[in-house]
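Enquirer: Below you'll find the structure I mean.
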Amino acid sequence: MTKRIRQPIIAVLGHVDHGKCLLPDEKVILPEHGPITLKGLFDLAKETVVADNEKEIRKLGAKLTIVGEDGRLRVLESPYVWKVRHRGKMLRVKLKNWHSVSVTPEHPFLTTRGWVRADQLKPGDYVAVPRVIHGNESDERFVSFVYEKLKNDELIAKLRGEVLSKISSEFKGDRAYKVERNVFRWEDIERLNLWDEVERVAFTPRMHRSGKPLHYVKLPRSPEEWEAFFYFAGVMFGDGSQDKIANNDVEVYEELKKLSVLGVAVKRVERTTSYEIELTNGKNALLRLLRVLFEYPERQKAKSIRVPRILFIAPRKYVSRFLRGYFDADGHVSLKDARIEVTSASQEFLEDLSLLLLRFGIVSKIYRSDYTTLVISGRRNLDLFRRYIGFSVKNKAEALEKAIKKSRRSESYPIFEELKRLRLLFGFTRTELNSNVPFYGKYESEEAPSYETLMRILDAIEKGSINLDKKIAVLEGRIRDHNYIKAFEKDGLIKDGKLTELGRELLEVWRNREFDSSDVDYIRNLAENLVFIPVEDIEEFEYEGYVYDVTTETHNFVANGILVHNTTLLDRIRHTNVAGKEAGGITQHIGATEVPIDVVKQLAGPLIKLWKGEIKLPGLLFIDTPGHEAFTSLRARGGSLADLAVLVVDINEGFQPQTIESIEILRRYRTPFIVAANKIDRIKGWVIEEDEPFLVNIKKQDQRAIQELETKLWELIGKFYEMGFNANRFDRVQDFTRELAIVPISAKYGIGIPELLVLIAGLSQKYLEEKLKIEVEGPARGTILEVREEVGLGTTIDVIIYDGTLRKDDTIVVGGKDKAIVTKIRALLKPKPLDEIRDPRFRFDQVDEVTAAAGVKIAAPGLEEALAGSPVIAARSEEEIEKAKQEILSQIQSVVINTGKIGVIVKADTLGSLEALSKELQEKGIPIRKADVGNISKTDVMEALSVKEEEPKYGVVLGFNVKVNEDAEEVANAKGVPIFVGNIIYKLIEDYEAWVKEEEEKRKRELLKNVTFPGVIRLYPDERYVFRRSKPAIVGVEVLEGRIRPGVTLIKETGEKVGVIKSIKNKNDFVQEAKKGDAVAIAIEGAIVGRHIHPGETLYVDLSKNDVIILAKQLKDELEETDIKALKMTAKVKAKEDPFWRAV
């Protein structure tokens, strides 16, 4: 068979771009923390990962609102927050009647024409804003926040009466009054962890210790109490002054009467022209509680009110009551404009209020002048306001109903091109859609449809065209229909009586019915989750200082209520910006880019001559993985699909956790690699010449810059040495088989890219020639990079072919969920050179065959359950099909585990990453019950729950690079099943191991708290050591063996119970424990000296069988030699009555 050299497959790992940043004062909202500036977020993160003069990266682990690749908003953990020095231009992007955000020029925004850099935005562009921002819904987190706020020096708290007797021993001498009068400061409560026992509170300065408050207010506990308090807070923010409420509405008064549940009375007082509502019985305590929890201002309320953090940390059921109180007091319904409006002297308050309303999906508008006005308009927003907040004031509630009826439109969605694409895909002419949606034609060109209209359009399109067969016949020329021909000409399907390329493509799509409801789902998700607001102004300014950003898996997050994005080495090689055209996907998926050798020669220029000998490779095939996690998908027969890898390391940041993980994976797969030390342009004073070879560029640098580069390179070389690699700058490497080559580059400006390409090509040819020789005519073998829905094609697979030739009429065998899928290729689609499989700028080229190495998209029936990372084998006979099925099944079965035994549940995004994670767990001795590919489902959680009942530490789900389904999250929260997700394998396992350790310590602490330890004591024989004979008896004792604690029962030699130790005193101090050798006084409740106990008598701590079992099995390490002696002595006593104790 003919053999030839194929192009090498190059994987690019570890690129992280820190160039896209925001000003320090831009705000994000953390569900568990509320609004916080990026600088504040950075200060919150304490563990520094990397730091130098230019930047600092810290571990974060906080949750943020992001947009997933399906267009839906969700909460995701952000692993890092960082700051970088910036000197130069910044842009403030201001959205019309919304917020503004200041970013570096390269920071992208999601617009209706895809992701667009800030410096390419223009007024009138529509930018994405989230419809919803997630706040906290956990009652537990809310209550802990309240307790934190109550740590106030003026707090005086009264505890529940039944607790006082239990804690009296803690308050002796001059502190006994606290228990007697039931008055405690926050330090007392914190020390004894009594927050849950606080019943009533008041506030008085410490300097007035002699004074005491007249009235306390009940600390809210029940939903009813919190709702009454939050409504009152809302009214105060609207109509309140320092001690009264100016409000005429009787309904507000009726609502405020509900404060009686907190022990506060209200009365309505008629003044000359209006009514006032006054608080009595606990007014001062209630107002002070308001100031503490809601940061309510003491003076100049109008200008100084701000939205307090509690409104983002409290569950929505309480926040809605605050908002109702506020809008009842200050809101106005304008029937003329069909809108709700509220005006304030505090612009900042209303700006934050607009973000708070996003917790309910309400998108408002902000009009700024001397006073700021917030407006809620549009049918969808008004309807959500009515559903979640509403008015108690009758005339406002009635006006709202009328405003909703009058309001017919919600936000507009200017997605003209998408609508045309969907219409043609489903086989409609403009005229046909006009009958479903009047004046439809204008929505494709001049007028953006409202949300309601868009939903009607999508519903109509989704039903499909009833005359599709006739249209197919017209395009095929079998039928002549003048109206259709005219419509097709207008849509560009026919020109001069012939089918255009678009017409031919569409005909194929219609014939095969290659469209379904999933084609409209993405647009529907965008409309449900996002709103697009026009850019009003872009202001340019100079800035010197730190800029900030956070890392998320999806490379986007919400800042100042606006969606912002972080994205790429390959962009420079392609001379095209991927982020600019990612309108639909948002996250960067695995892509493949073919670089013909002519392009390499053009970019590398004269450097080729330095490489002695001709480069025979046809080109390079780059696989651009968004991180180490995707590399695990590139598996082929247990090894790596990649022939060579480029590990991108930021020369300024050095090694990151991802870098270490990437190196470990490369080592595991035995993949040769070279290092691209990126961002040399960030070295102070570096002279930049775009696309210049590094060896030319370095000659233009001054000595200081060269020295800094050398220092950073030596730091990298040292790190590689620690990991077992000899590394050096590429031009100093003597033997490429023994030394790791480091190429200093600037991906941003193209410096060093020529050397990188020459090195990749030269090393591949010199050292991998035998591996790259393929049988051209042999059946193809490949690996699935990604399974994805394509408009007009259905489910497709993006595949890297690494051996043989794949033909368009081949039968292929593909790895599926738990089976081998056999299917016939319907279409082979290959991107043009210098483009990406996943998102080509131009339409795919249909090809008859592809020869390795190549990236190809395969359209074929039955691919819905295909697995990323699994093999693809072409088979040309029944025998080959059977052989391929067996090979694929054995590969899947070697990775997918289902033992049914006690062990953890493991889920991963691809077969390769599942293999890597499972291997790591097994090496650490962590048993696996089930390992499978896919998101974490409710079934996974239920299976982990069944494990938890037998062995709690294994009753967990570990997920690598996967999402948690909503129902799975609900069940996990309800049943207490821990779910660990992450995108760094070793970090995921570390987190799990840390949890196991913490759980074991927690369990041990719980056992220690509840178990009774053995102890043997002897009363002193001298009567002088009998301090009281009864109620309680107080006697001096010596601990002979073991230990004693308050609360234990004592027994005699006969086994008879004599009483309970109430307290233990060692000299002048009450203690919680006395051990062997201690001489102490003990108070025994229930015993009388001379009747039940006698001087010189030996007594034993009474133990239950359960105590012994726990001590022997679970707390063996906690037992000292003296405890074991005491246990044996006690067992001897108890064995007289029960034979169980003889075995102890």
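Each Cβ is built from the backbone N, Cα and C atoms, and glycine gets one as well.
Residues or ranges marked as domain 'DOD-type homing endonuclease' by Swiss-Prot: 232-362. Per Swiss-Prot, the feature domain 'tr-type G' maps to 551-768. The GTP binding site annotation in Swiss-Prot covers ASP624, THR625, PRO626, GLY627, HIS628, ASN678, LYS679, ILE680, ASP681 and is backed by similarity to another entry.
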Enquirer: Please report the number of other Cβ atoms within 10 Å of the Cβ of ASP681 (GTP binding site).
Expert: 17
Enquirer: Counting every protein chain present, what is the number of Cβ atoms, excluding its own, within 10 Å of the Cβ of LYS679 (GTP binding site)?
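Expert: By my count, 24.
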Enquirer: How many of the residues that make up the domain 'DOD-type homing endonuclease' (232-362) does DSSP mark as helix, as strand and as coil?
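Expert: Summed by class, the stretch gives 70 helix, 25 strand, 36 coil.
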Enquirer: Averaged over the domain 'tr-type G' (551-768), what pLDDT does the predicted model reach?
Expert: 78
